[in-house]
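Q: The structure follows.
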Amino acid sequence: MVTMEELREMDCSVLKRLMNRDENGGGGSAGGNGSGSHGALGLLSGGKCLLLDCRPFLAHSAGYIRGSVNVRCNTIVRRRAKGSVSLEQILPAEEEVRARLRSGLYSAVIVYDERSPRAESLREDSTVSLVVQALRRNAERTDICLLKGGYERFSSEYPEFCSKTKALAAIPPPVPPSTNESLDLGCSSCGTPLHDQGGPVEILPFLYLGSAYHAARRDMLDALGITALLNVSSDCPNHFEGHYQYKCIPVEDNHKADISSWFMEAIEYIDAVKDCRGRVLVHCQAGISRSATICLAYLMMKKRVRLEEAFEFVKQRRSIISPNFSFMGQLLQFESQVLTTSCAAEAASPSGPLRERGKATPTPTSQFVFSFPVSVGVHAAPSNLPYLHSPITTSPSC
């Protein structure tokens, strides 16, 4: 068990004052009263603190305390760790955070879960306990505090300091094109297809998923702050090349297509847009199969989550996603590569040459080598269906 001597506690009101101080650029002590809170505040007043969200990825994505970093401690990590995790395992994509922890540059780390009221209530095998143990071994000079009541209490008392996933604002219906416009926006006299209704959906603050119709609506793109588009098709036009950055991945939506050979290139493109503080719309024709596959691969790679978890996360935002069976097979292979090689990859350099599309690399030259089968046994699709339904999809209507 994590004892009181090993883990200090912090009241939600203290964290709120600390966040106020940081937002106001303030130095000096924020003051504080109450058992345990005053001592924790004294620890944090002299430098920057780190917030670690110890909840699952889906919970963190639905809502989190602003500025927090989500740790990775899923079932795969726990099974491999056998009760002892490293910073590379719980913070695989946060190289700078790991370096700052090891250098003692954080005055304190505040960990929180969903609702743990006290340190003594933590289970020995809980994520918080495993994270605290990793911090004790790798960041000995850093003090650690548990946020009392966790995210549930803090978000209830101070929602203004939390970020939550919210529905996109309603986007006005399309304006009929003028006689000088030749864009085919995909509308018919019988109404807008299901996959074109509404607007693009936010997967992450910098990553959106939609259809070719959405990519042809400049009003939608501007309203969302889109700066770049990733066109996952061989036939969808790039309508506004003078206004947005474009990248094309010419993949067909059929069981012979090798979309996995594009995963790393797509992930690097999305990251490049994010690093420039931009936003990217990933689209194909319908925003159902090819572009959804790219978004799933991105989540699996960057968030180190399993396909099932990534699929649920994306489907909550765009219910009609349905990668074809071959793409699902390639994603499962990708999951295996990401999760089974992550221990070695987490300690390796994030850069390295990509394997040539369509060719296997016999000798590893980078942290990941993807050599996926491009033919997965499937039954022929009925001629009236434009895509194959995912085996995870519960019904064709989804």
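Here the Cβ of each residue, glycine as well, is placed from N, Cα and C on the backbone.
The N-acetylvaline feature in Swiss-Prot is assigned to VAL2. The annotation domain 'Rhodanese' is assigned in Swiss-Prot to 45-163 on the grounds of sequence analysis. Under the heading domain 'Tyrosine-protein phosphatase', Swiss-Prot lists 199-340, citing sequence analysis as support. The feature active site, phosphocysteine intermediate is assigned by Swiss-Prot to CYS284. Sequence annotations record features per position, and here Swiss-Prot assigns phosphoserine to SER390, SER395 based on similarity to another entry.
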Q: Summarise the domain 'Rhodanese' (45-163) by DSSP state, stating how many residues are helix, strand and coil.
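A: Helix, strand, coil within the domain 'Rhodanese' (45-163): 51 helix, 22 strand, 46 coil.
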Q: Near CYS284 (active site, phosphocysteine intermediate), which residues of its own chain have a C-beta under 8 A away, given they sit six or more steps off in sequence?
A: SER211, ALA212, ASN231, VAL232, SER233, CYS236, ASP253, ARG290, SER291
